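Student: Dropping a structure here in structure tokens format, bear with me for questions.
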Amino acid sequence: MYIELAVALGLGVVVALVFLKKRRKSVLKAHDGCWGVGACPQGPEDDSIRPFRVETTSEEIEDLHRRLDQTRSFPSLEDSQFNYGFNSKYLEKVVSYWRNDFNWRKQVDKLNKYPHFKTKIEGIDIHYIHVKPKSLAEGTRAVPLVIVHGWPGSFYEFYGMIPLLTEPSSPDDITFEIICPSIPGYGFSEAPHKKGFDSVCAAHIFNKLMKRLGFSQYYVQGGDWGSLITTNMAQLEPNAVKGLHINFAPPSKGGLLIMLSILFGRQFPKLFGFTEHDVKRLFPTMEKLVVDRIRETGYLHIQATKPDTAGRGLNDSPVGLAAYILEKFSTWTDPEFKIQKFGLCFSLDDLLTNVMIYWTSGSIISSMRFYKENFSKGLNQPHAKLPVYVPTGVASFPNELTHSPKSWVTPKYYKLKTYTPMARGGHFAAMEEPQLLAEDVQNFVKIVEKREKK
């Protein structure tokens, strides 16, 4: 008992020193890029904003149907469910629905329900949707909010959440004005034509986009790559970004506190502020933090090294593309789906609409390159070492790929206002649980805006 108390006391001192350690406040730096084709143009850039509509043609649909008809199926192993990837038997049902029942023209109309725009920034066209509230109560204003997707998602992930933010049901809720861009190389944003476009470059462009739209201050929200891009936006422009809300917060680097919590957190969970869920997600360490991650990150190694090789096949086969993307929407939503025969909880219309955004735009290869551009620069980039000084909120969903306890988040995000253990949900939170995510965004922004007490 006395030994345990001594260890706990010693660890407590170390943890306190880590938290109390002072750092010089620094701002992340970014340089203007030139990502278009060929040499950088001379003179000022065209800063016009152009309306955009998603469109399709009979030829595009006929080509898709021809490729679906000519796909070559391959049987899954007996009793393998989704453990070997996307189950072939279930994939056949997806393909059959895609070919015979899915109405792409109807989904195109749904995509166009919100206003789309394009504008050229640093040599490439940036696509975004801009949704303003239909009405505002007298004396109130809409709060601008940038929401950023990740891979293999798209701006469409947010379609269920946008009306909850722009048309809140409660008069006490904040009304938002939503700006939802596509990451360059994803969907309808032009892909960079030169090497080196990483999350900081995307963040720099999105901050420029907000300035072009006339916003001097705004909030940002993201998951997956969107969480890193919005974090970088806050690091680059801490005076412009009033608050940062993320639903994916993996530690950007290891540290003494994390190492100690891994070593002793199971024995002394309260010392590190661990909840029962934290302990469940982190221990046993070898299984949860090593084996599980290796099992689910094969795609990352491919995309961080040779994205064009695998991407070429996916860009040529709609069935291959669907299997590659939908497998993530299965496993990353709930790991238990790997042992089930039907490992999806989203509607096929929504899933296939997201796949079609990749297919019709031909953006799968450029989206995969984003991994190489980020990881090829190493894991010790300036943004990984710099803390975030703007008010931050974290929504921690129980089935998220990487679990980060609150004590792992605070060293990076100095002004953590909210850390919410969510009741349910996984990696694609905006699409799976739009109500829960919207409520957490509301709560966070109200606290920052001082509209209600913490």
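Every residue gets a Cβ built from N, Cα and C, even glycine.
Feature list, courtesy of TrEMBL:
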type	residues	note
ACT_SITE	Asp224	active site, nucleophile
ACT_SITE	Tyr371	active site, proton donor
ACT_SITE	His427	active site, proton acceptor
DOMAIN	49-158	domain 'Epoxide hydrolase N-terminal'
Student: As a test of reading the model: what is the averaged pLDDT for the domain 'Epoxide hydrolase N-terminal' (49-158)?
Tutor: 96
Student: How many helix, strand and coil residues does the domain 'Epoxide hydrolase N-terminal' (49-158) contain under DSSP?
Tutor: 37 helix, 24 strand, 49 coil
Student: Fill in the CA-CA distance, Asp224 (active site, nucleophile) to Tyr371 (active site, proton donor), as an integer in Å.
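Tutor: Asp224 (active site, nucleophile) and Tyr371 (active site, proton donor) have their Cα atoms 12 Å apart.
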